[in-house]
Every structure is written in structure tokens, then in C-alpha cells.
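Accompanying notes for the structure given below.
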Amino acid sequence: MSAPTSIPALDEASKKELESFLEQEQAKAKLQASIHELTNTCWNTCITGGISSKFSKSEAQCLENCVDRFLDSSLYIVRQIEAQKQQI
């Protein structure tokens, strides 16, 4: 086996660009994970009947409430974390 190819040292501008790109990709991944969690939680909680082309009235209302509560709790958590960061 040959030795791994060394990565040339990056200049500061390239490092910052790479760091910014990685932060954006991590944010996208976190958003996707939140959407997956939201979908899974609300689906399992609200969809009680069989699969059909339309949600029942109660399922639609449950889904709407579930999404609202999920978003409310997510925003609350973010605000609490930001408040804790400011106290440090």
C-alpha cells in the first residue's frame, strides 16, 4: 500500500472558506435531522387510520398542532441556549 497523499497547507482565505462551507453543511444536516424527527413524531402520533389519499379532519388538525408544538419547542430551546451563551 502506498502512503496517503498529503494535503497541501491552505492559506487563511481557503481555510475560512472551507470552515464556512462545513458550517453550512452541518446546519443543513441538522435541519434535515429535525425535519426527519418532526415527520416521524407527528406521523406516529397523528396518523391512526389506514393510508389514504387524504388525511381525516382529526388527523390534519393533529398534524398541524404537532408541527406547531415542535416548532415552538425548538425555538424555545434555541432561545434558552442563546441566553446561556450570553451569560458566559
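Note that Cβ sites are derived from N, Cα and C of the backbone, with glycine treated the same way.
Remark: C66 (disulfide bond) has L38, T41, C42, T45, C46 as non-local neighbours, by Cβ distance under 8 Å and separation of at least 6 in sequence. Swiss-Prot lists C42-C66 (among others) with the feature disulfide bond.
Taking Cβ-Cβ distances under 8 Å and a sequence gap of 6 or more within the same chain, the neighbours of C62 (disulfide bond) are C42, T45, C46. For C46-C62 (among others), the entry in Swiss-Prot reads disulfide bond, with the evidence type similarity to another entry.
Tertiary neighbourhood of the motif 'Twin CX3C motif' (42-66): none, as no same-chain residue meets a CB-CB distance under 8 Å with a gap of 6+ residues from either end. Here Swiss-Prot flags 42-66 as motif 'Twin CX3C motif'.
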In three-state DSSP terms, the structure that C42 (disulfide bond) belongs to: helix
